[in-house]
Amino acid sequence: LTLVIGFIVVQIVVFGLLEKAGGSNFSRESKYMASPSELATERSHSKPLGIRCWEYIKRAKLSYKTHQAVVLIVTFFAYTTYHATRKTTSIVKSALDPQSSAAGFKFSWRITYLSSPAETQRRSWVLGDGWAPFNGPDGTALLGQLDVAFLAVYAIGMYFSGHLGDRMNLRIFLTVGMIGTGLFTSLFGVGYWANIHSFYYFLIVQMIAGLFQSSGWPSVVAVVANWFGKKKRGLIMGIWNAHTSIGNITGSLIASTLLSYGWGWSFVVPGLLIAFMGILVCLLLPVSPESVGADRQEEEEDDAVDSPKKKKEGVTEPLLGSHTEMKENAVGFIEAWRIPGVAPFAFCLFFAKLVAYTFLYWLPYYISHTAIEGKYLSDETAGNLSTFFDIGGVLGGILAGHISDRLDARAITAATFMYCAIPALYFYRSYGHISLAMNIALMFICGMFVNGPYALITTAVSADLGTHSSLNGNSKALATVTAIIDGTGSVGAAIGPLLTGYISANSWSAVFTMLMAAALVAGLLLTRLVVAEVAARISETRSQGRSQSRSQEPEL
């Protein structure tokens with residue numbers, strides 16, 4: 001924890017120096033007005049190769065709606081693979097440390113005997129004996145250290161990634177991050193065939209993988225926000241954010257299925273998958289309408305029809321209009337923190353992700369070490385069962401986005417979901433062992449309330465704040481604001497699994513108490529914003545009532 005805090009302090013100082021050193025250059029860039037010929041040349045070179053080939057075959061430019069569809073599909077599958085590679089560790093964890101007594105439960109390892117003695121012996125070696133150094137008495141603590149190392153570097157890298165993402169081509173930046181993630185995820189699995197038993201090898205590989213993983217979220221959110229205005233942003237991003245849960249489900253199923261062939265495959269296959277998807281991103285992803293010369297007028301007309309009160313809202317369109325050809329000045333790190341609402345949502349996400357990532361990394365382990373109907377489940381079954389938490393998260397993200405759109409109240413929605421997560425967590429711990437059906441139902445409900453606000457804050461809220469009215473239409477804060485919010489949340493995501501590794505040695509009930517306390521604090525941190533939104537709704541209702549009463553008064 002001290003190391004994480006120290007790194008955050010250092011990177012804040014570094015960003016301050018970078019802003020002072022580069023301020024004059026950026027200010028000169030912001031005043032530069034590009035000529036039409038230069039803009040046309042720049043657009044043709046910035047178009048992805050796949051888009052150029054598509055337009056060549058079609059012999060016509062792609063429409064704005066087509067570009068939007070491409071953006072949603074490509075970024076959806078891109079971040080699905082990010083989470084698929086991230087989920088494998090939690091599935092393989094019990095295979096690396098199968099008989100740990102640190103979990104506080106008497107565990108009877110189940111081996112499913114196959115048809116031939118040779119296959120039986122191989123499966124016993126693959127799953128039953130564990131993998132040094134994780135199969136020792138301190139195996140649980142070592143696995144917890146891997147988690148916190150990955151997430152700490154991920155959180156720190158997130159701040160830098162957002163800062164760089166607002167100053168670089170997001171398509172290239174995202175491609176490099178995905179290929180690097182695939183490489184180092186695969187290198188973790190290579191330790192299986194190379195017979196590597198050094199803890200520091202796995203630690204270093206996980207840390208570098210976390211650094212490359214940090215490039216993903218700020219990039220995809222910035223690209224999606226570039227193409228979609230505030231109209232139905234919560235619902236659209238709530239559905240789009242299902243990639244998080246679908247990625248977890250995909251990673252769980254792939255890792256669980258390949259576990260019987262050797263745990264190395266559980267890392268290599270997802271690693272190859274994300275690298276392949278990175279190549280597709282490089283070929284197909286249009287970063288913004290301006291980068292491909294798309295006409296934004298269609299989107300602006302749609303928003304104008306449904307948003308008559310747009311000028312009264314605190315959020316503006318994600319980018320300047322297509323008629324404005326001015327290069328924008330990237331917003332600084334400290335300046336982004338000062339945007340109203342960034343700090344409360346960032347610290348709320350700290351505790352929300354602490355809960356969500358504790359489930360992400362420890363739920364399969366918890367299930368396999370907990371007797372359900374008096375029986376213990378195998379790693380593969382526990383991994384598959386844990387996907388119901390993510391399925392609930394898909395529904396929770398969509399509901400949170402839709403409700404926040406209808407109420408126009410992001411803070412009220414997020415806080416309400418966090419408060420509802422507290423009894424859901426209590427019931428899952430207290431009654432989840434009664435039966436398999438009860439465990440699945442309560443796990444689904446937990447996923448809905450835990451992942452709902454997490455999805456809302458990291459998508460629609462980040463996009464809203466990254467296009468806040470105080471920025472005067474400047475889009476160059478999208479990746480930075482997204483990185484600040486999700487980076488701060490990722491610090492909590494690192495601390496939660498780390499504390500769980502130690503607390504679970506004494507009691508899993510204490511772990512759930514920690515999670516319930518974190519959910520409570522997350523809701524309380526939004527109190528000021530909730531009060532402001534309630535006051536705004538009351539004021540709006542009163543003004544509507546007065547206008548209606550005046551319209552009903554008889555004319556003299």
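Backbone N, Cα and C define each Cβ position, glycine as well.
Remember, TrEMBL labels are computer predictions, not curated facts.
Given the ranges 9-30, 383-404, the record in TrEMBL names 383-404 as transmembrane segment. Counting Cβ pairs closer than 8 Å and at least 6 residues apart in sequence, the transmembrane segment (62-82) and the transmembrane segment (411-428) reach fewer than three and form no contact. The domain 'Major facilitator superfamily (MFS) profile' (96-535) scores a mean pLDDT of 80 in the predicted structure. Contact count against the transmembrane segment (342-363) (Cβ pairs under 8 Å) is highest for 511-536, out of 141-160, 200-228, 411-428, 511-536. Note on the transmembrane segment (240-261): residues 72, 75-77, 79-88, 90-92, 95, 123, 126-127, 224, 267, 269-270, 360, 364, 379-380, 383-384, 386-387, 390-391, 393-394, 397-398, 401, 447, 451, 455, 458-459 of its chain, located 6 or more positions outside it, place their CB under 8 angstroms from a CB of the stretch.
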